[in-house]
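This report refers to the structure that appears directly beneath it.
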Amino acid sequence: MGNPHRALCRAVRPRLPHPHLQPTTCDRERCHVGQHRHRASGDHQHGRLGRRRDTGRRRSSRPQLGRHRRPRHRDRRRRDQHGHARRDPSAQGVRVVAEREPTSTAAHPGPGTQGTDPSEPAASATPVPPGWRLVPIPTAASSPLAPAPRANEVRRRVAWDGGLLVLTLAVTALVAATTSLFDGGGPWYSFASLGLLASALSLSIRAGTVNLAVVGIATLASVVYARQFSDGGSPTVALAVAVAVAALVGLALAVTVVLTRAPGWAVSLIGIAALYAVLLALTDNKVALADGADMPDHSAGLWWSIASVVIAVAGGIAGLLPAVRRFGRQVVTAIPFGNRLGRPLVGLLGSAILAGLSGVLMVQQYSTVLPSISFERLALALSVVLMAGTSLTAARGAVAGVPLATWLLVVAGFGLASAGAPEWVIIAALPAAAALLGLAGDRLMTVGDPSVNQPPS
């Protein structure tokens, strides 16, 4: 009559209308499923399925379909003492769980094996019952909001900074050899002012609260500085008042973001209109002059340039810290921030202070302020941020990318102006090319990175 165990065991048989539609190859000696009970007489009973030799009941020609409980794997989701799922350290970005075998024509593998399929994951410490196999599934490590591995992150940042450094040195050598780049004090004030403005925009982007009103805040701070200086105030007091006004604007934007549950970029766009109204009310649409201001000298511009480089590099180094990356990995979307004030306060208030310093340097360089918000300068700052390696969809950025990209665009603009290039090339084409180069480079650097939310192909 054959082996009753081989005929009646349903350990790995798929759920079919009739239990004998497919033959099974379950080996009695290797069957370790908890619901299987092997008797000394040789019978194999699965629940109520099977036959009894001791009873005199009439046995039906059709076997009874009793309760069939799926084998429960105790270590299917291993948890620690606190009830949290433990992650296999050998798996990076995947979690291995057990599932039923798709077919039942192959023999049972032994306990703790995964069969002969080369595509299956390697054996691990997790035991696997017969008829089951380990299958990798995505986990939080491959989530688009999860931070990338630190080694890959540092490698990308160093590669980006190295490429920018080589390009900047080549352009600087070319422009310095053909023009008078460093005569008359050099472009130090332009470099420091644009660098602080780009650092402000980069900070807001990496914090997840994009502040597009940095140009308006810089213009307001420059007007306040010019009026304070014209009224006989000292440069230090005028600087403090201008930065304080900029900080108040940033605080107002942060509170508005929290109360309205709106994204930072939308609130900052509304803030631009409000700032323009304040500028017209303060200046009556007239040019503000810093009467009595001396022409900026070479040493002051150089020191401001060093300060802007230190601020930008310090922000890039801080971005390497895991806590900072977790704080700023909120992607740039319209997701409301709830009642938390930390992220808007860091992104909007910090960027407003840096923008205020940038506006003060504009007054010290030109001694005049136009009561208008220059979107050309906003586009230039955004092109610097993108070329510096700051991602618009994640909290990533190069360490020294902002000062390198700022110096590259300032020197390239000076070289084009000295060569007699048209104004549209310097004002529009150069920032657009830099922004496209930054976007393309960011895309190439993140190809194959599981931490980046890549669109489906």
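Note: Cβ is positioned from N, Cα and C throughout, glycine not excepted.
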Of the residue ranges 212-230, 421-439, the one that TrEMBL records as transmembrane segment: 212-230
The transmembrane segment (378-395) vs the transmembrane segment (345-366): 3 or more CB pairs under 8 Å: no
Long-range Cβ neighbours of the transmembrane segment (402-418) (under 8 Å; 6 or more residues past either end): 161, 164-165, 167-168, 171-172, 174-175, 178-181, 187, 190-191, 194-195, 198-199, 202, 308-309, 312-313, 315-316, 380, 383-385, 387-388, 390, 425-426, 430-431, 434, 438
